Each structure stands twice: as C-alpha cells, then as structure tokens.
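Engineer: Mind having a look at this structure? Questions to follow.
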Amino acid sequence: MSRFLCCLLSITITGTMSELVLKSRADWKARPPTLVEPMTNPVPYVIIHHSYIPPACSSTPECVAAMQRMQDMHQITNGWNDIGYHFAVGGDGNAYEGRGWSAVGAHAPRYNNISIGICVIGDWQAELPPPQQLEAVHKLIACGVEMGMIQEDYKLLGHRQVRDTECPGDRLFQEVTTWPHFHPMPRYRPKEEEKGSSGVDDNKLFFFKGKS
C-alpha cells in the first residue's frame, strides 16, 4: 500500500496536479500472477494502448469488471502469466494496477522489459476518451517519473508504433502525438516471418493483432 500513498504524495507535493487515485490489485480482486519477472527501473519508454474489448467504463464498478475481464482474457484464454498491462486507466478517472511498476509486461514485443504499458480502457478508434480519463493517464506517467520508475527523458509511444495493430485507436493516437515526450518513430512493419503468426507466451511475442 505504501507505493500507492507515495504516488499520491509525489503528485500532491509538486503542486502541479490534483491527486491520482490508483486502485490496487486487491481493489479490483485480481488473481495472483502465475509468474512475476522483475523489471529494472527506471524504464525509458511508456507505451499507450486501448482495450478495444472490454468497452469503455464510466463508473468504478464497471472499470473493476473491465479489469477482471482483461485478466480473464490474458491469463485464462491466452495462458499468460497475468493481465498484460502494467496499469490501466478507466473512464471513472482512476488508474488500476496491473503488473505494477517493476514486473516485465506483456503488451508490446521487444519493449516488455523496458517500458510501462498503460491501457486506456475502451475503443478509441473514432472518439477521444473523456477528459478525466486522459488526465489520469498524464498523472500516472508523472507519478512514475516522480517515483523514479520512468526515466525523466522517457519516450512516449503508441502501441501501433511497435506492433502491427490499430491500437490505441486512430483518435487516441492522434491525441498522444501532441503529448510531451511523444517520439515519432516510424510505424512498425512486421518482418515476413512474423506475419500471420499467433505468437507464443505472454511476455515476449504474443499480442492481439488488428484492433487491440
């Protein structure tokens, strides 16, 4: 619990932002991971995703259900160690702990052990998330920098820049390109041997192709 208090305090003390509510795994009744691989902090990248499915949530009970649904898809259906993202952010304006700051993720091939993956819950192909959801993403990133979990000179990427996917949706990606630290690296093009591959286990290669 202390790390969540630290997050709140680090943001409040700076005087630059209001408090971020960061819900722990216990808050959304997460199952334990089957394996945790440690990740070295601070990391040089932050990668933004959308969930596509589950859809957007506007209340805390809805967002808790979305977190549980994502963990079911990732851990039970896909056989991964845990929910793939380090954190998710809901339309209720809260952030939700996934793998946390210091565990290798399962959200972006070749970047899983050097990035924080943040899922903006919903389908953001045609419209933007509500202001409180976007604000919470900014607060979460600032929190990570303040805590020494994300490098001060981090590079911000959309999932589509590192994987053949529409994620995080056209409209959200357009918004992300205007944020501080966005890095305009070319959109990822899969190698021939990767095309059509369903991939392997959780923390290196396998991620949804297409929408998510």
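Note: Cβ is positioned from N, Cα and C throughout, glycine not excepted.
Marked as signal peptide by TrEMBL: 1-18. Taken from TrEMBL, the feature domain 'Peptidoglycan recognition protein family' covers 20-163. Residues annotated as domain 'N-acetylmuramoyl-L-alanine amidase' in TrEMBL: 31-169. Taken from TrEMBL, the feature disulfide bond applies to Cys57-Cys63.
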Engineer: For the disulfide-bonded residues Cys57, Cys63, work out the Cβ neighbour count at 10 Å and name the residue with the minimum.
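Structural biologist: Each of the disulfide-bonded residues Cys57, Cys63 was scored; lowest Cβ tally within 10 Å is Cys57.
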Engineer: As a test of reading the model: what is the averaged pLDDT for the domain 'N-acetylmuramoyl-L-alanine amidase' (31-169)?
Structural biologist: 96
Engineer: From the DSSP assignment alone, can you count helix, strand and coil residues within the domain 'Peptidoglycan recognition protein family' (20-163)?
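Structural biologist: DSSP composition of the domain 'Peptidoglycan recognition protein family' (20-163): 37 helix, 33 strand, 74 coil.
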